[in-house]
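TrEMBL lists B:72-276 with the feature domain 'ABC transmembrane type-1'. The transmembrane segment feature in TrEMBL is assigned to B:21-43, B:71-95, B:107-131, B:151-172, B:211-233, B:253-276.
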Amino acid sequence: MAFLQLEGLGKRYGDIDAVVATHLSVEKGEFVSLLGPSGCGKTTTLQMIAGFVEVSSGRILLDGRDITHAKPASRGLGVVFQSYALFPHMTVKDNVAFGLRMRKVANAELLQRVDRVLKLVRLDRHADRYPRELSGGQRQRVALARALVIEPPVLLLDEPLSNLDANLREEMQFEIRRIQREVGITTLMVTHDQSEALSISDRVVVMQAGRITQIDAPYTLYEHPRTEFISGFVGKANLLAGRRDSAGMVQACSPAEGELTLSLRPEKIDLCEVGSGRLQGTLTSRFFLGSQWLYGVSTRLGELCVVRRNDGSAPLVEGTAVGLDWDPALLRVLSADEVPA
Amino acid sequence: MKLIDAMRRGRQGYLMSAPALALYLGLLVIPLGLTLVLSFNVFDYSSGINGDAYTFEHYTSLLGDPYFYEIFLRTFWISALTTLLCVLIGVPEAYILSRMGAPWRSIFLILILTPLLISVVVRAFGWSLLLGADGLVNQALQAFGGAPVKLLYTPFAVVIALVHVMLPFMIIPVWTSLQKLDPAAEQAALSLGASQFTVIRKVVLPQIMPGVLSGTLIVFGLAASSFAIPGLLGGRRLKMVATLIYDQYLSELNWPMGAAIAVALLLLNLLIMLSWNRMIEGRYKKSLG
């Protein structure tokens, strides 16, 4: 039996189904991300687990206990909000201590636990500051500390990094993962950022229009996206028409002959001499991404996107004729989207 | 930006704020100064005001007469009670309002504000119709076999009408500070194990204290200097300071005495409001920036 289990969880707002009969099992200590575009129902799902949104159908089980209709206070889950939701009139220490005070923890133990968790998030030197005196990343840590100090069975993170700038976001991703590993807490994170979901989760749950469309480990999800939508939403993808040859191998072909939709990741395409390779094309655009070059190549199969490592050699210029090659085993067959995006 | 900076520094700045300055000087500073001077002028019932002679007589008689003490004291406890009732009614009302759904919130907000469009005098008359000896309330009491109660010309009538008139001035600043609250902070407190009541006491109330403070200052200040309501609902017997000043000016014709009372009211009001502001702000300033 899984630690946190959603059984046919659903939410209706009037005529609109925000979340449709969702099944999900999260194991103890696991870090699971709910990934999807805005309005896909991922935040509603999290809010139902936290108890802020009434459940329309289905059940939520926590460690075998039915908490579907329990009050948020009695669930005892740790929640980190997108806006951090710190109490602006309390110091960092009082913010963190709030949950312990509600639990009537004795003062000596309270101070010790607050101190320990502030050390964990590396904010012990800012204990007496007010939230407005902290930077975005520090506020994020306070929110995390406040949720962790009550030692909740599950940590719920609602878009925890979306208010941070790019550099800090990356730093906090690793920080959240480090803390999660150190505490060993079961964590469910909602995000619309695929790189965030891929980099720190044990498993990623892709949601679309209120439904779960794929659940996999980050690597599997990236390498084997099930549908057209997922292949485009998780990482970049070239969509090609394809068919099976006489040996049963999948091959890319022109859209007219194709009966399958294939996905080919841009970094899996090799650039080679003109005349060699599987396909000929002309470079039409290039973008410099620092560690990589992103090339657009026009071919008879359509416009393809190719990523090359920046190995220090001179980049190709627009208008160059190139050959393209790839390992056909890396072509992925996609199934049609079953939900309207 | 450069233009504005130059205007701020240069003579043009003064020139452009001159109309507002003239209005402020002409309608507030000069009359106040004249009132202050008047309060020191000698008054004689047979010869009237002597603008050339000055005396402290009015202030000493103000300080020496328990009759004035009683009226000042009454004015301040009625104002304080009005303020307290406005807090007790206005703060929950503003909170409920802020939690309402889309169409109802605007409808109720407008409902709260519409009384401001009706003259205070009209509203005071309305209350006197309700509370009079044969008013609606007493008629209802008698219909159920009760004895009529004296309501009009009592502190009760004045306080109830003052609360009615002042409530919007409490609700608006509280409502404004409620708008700045992050609703997720309440959810966070709930998830950390707080009850709804604790959330309001520990999370919502401390954050809206600046709004409550402004509300109390406005309500107390307006109530302590209110004239129409004590005049119409307190009548001749239940005098408050503003009605006392009116009497001094228009019945006694003792303008200097009226001016002295007005100055005393202004100073006392200022003293009470400043120390109140200091007390509350001192407690919340550090935490709320």
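Note: Cβ is positioned from N, Cα and C throughout, glycine not excepted.
Listed by sequence, the residues of this chain that lie at least six past the ends of the transmembrane segment (B:151-172) yet keep a Cβ under 8 A from its Cβ atoms are 74, 78-79, 81-83, 85-87, 89-91, 93-94, 97, 112-113, 115-116, 120, 123-124, 127-128, 131-133, 135, 137-138, 212, 215-216, 218-219, 222-223, 226, 229-230, 233-238, 240. The highest tally of CB pairs under 8 A with the transmembrane segment (B:71-95), across B:107-131, B:211-233, B:253-276, is held by B:211-233. Counting same-chain residues at least six beyond the ends of the transmembrane segment (B:107-131), those with a Cβ under 8 angstroms from any Cβ of the stretch are 93, 97, 100, 137-138, 151-152, 157, 160-161, 164-165, 167-168, 171-172, 175, 226, 228-229, 231-233.
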